[in-house]
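Structure, as structure tokens:
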């Protein structure tokens, strides 16, 4: 992994992030322009599932003394539960209402509120499981790094489900432009700045993890790296940015 970062200067992870963002954003914009947001919403869900399993397959949180299988299982389970709750809590009827071209932009906030509530519950459960699992380990070497890996991976897969509400955000932005254009522009600009910040932070995370992993391999001669870990780390900030979609809906609800 460290060799990959050195050879590419971090460009390969950046390209992977940009391509993933394009796959998540452009279909929703195109579907909004064509008035077929329902198709985009289903596509968003499929892409989120692909991202979750890609992260599990290319697990970046590695290091001697850190068992990866439990964290990978927890991440996959949490991600799928979070995505399922997006559909179960409001029901398919509620989602179809906002995904339709004539959907009421005001219905975006109830969806965002349900997402925030379910995410808060899932993250609380994650915190409990995280500490119990770490304390139950016989080998408590690198406990802090182990806790960090569980926390960041769990947060990433849970936040990823927020991308499913991107069609709702598109509808809300379009419906709010006439009433409060300045508020809409402000929210969009701030959201884009935060998105860029996450992408840049992810690049540094990749470098740091590569160096730390290489140092441990040099000391112990072993690694539990899974797949192309640089690609998994490239996905993390993109998945985290799913929360920005929901936070943007929330901000527009209170500003417009």
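Glycine is no exception: its Cβ is also placed from the backbone N, Cα and C atoms.
TrEMBL does not curate its annotations; it predicts them automatically.
Here TrEMBL gives transmembrane segment for one range in the set 17-35, 74-92: that range is 74-92. The transmembrane segment (229-255) makes no contact with the transmembrane segment (74-92): fewer than 3 of their CB pairs lie within 8 A, with pairs spaced 6 or more apart in sequence. With a threshold of 8 Å between CB atoms, the same-chain residues lying at least 6 positions outside the transmembrane segment (180-201) that come near it are 14, 17, 21, 173, 237-238, 240-241, 244, 247-248, 251-252, 255-256.
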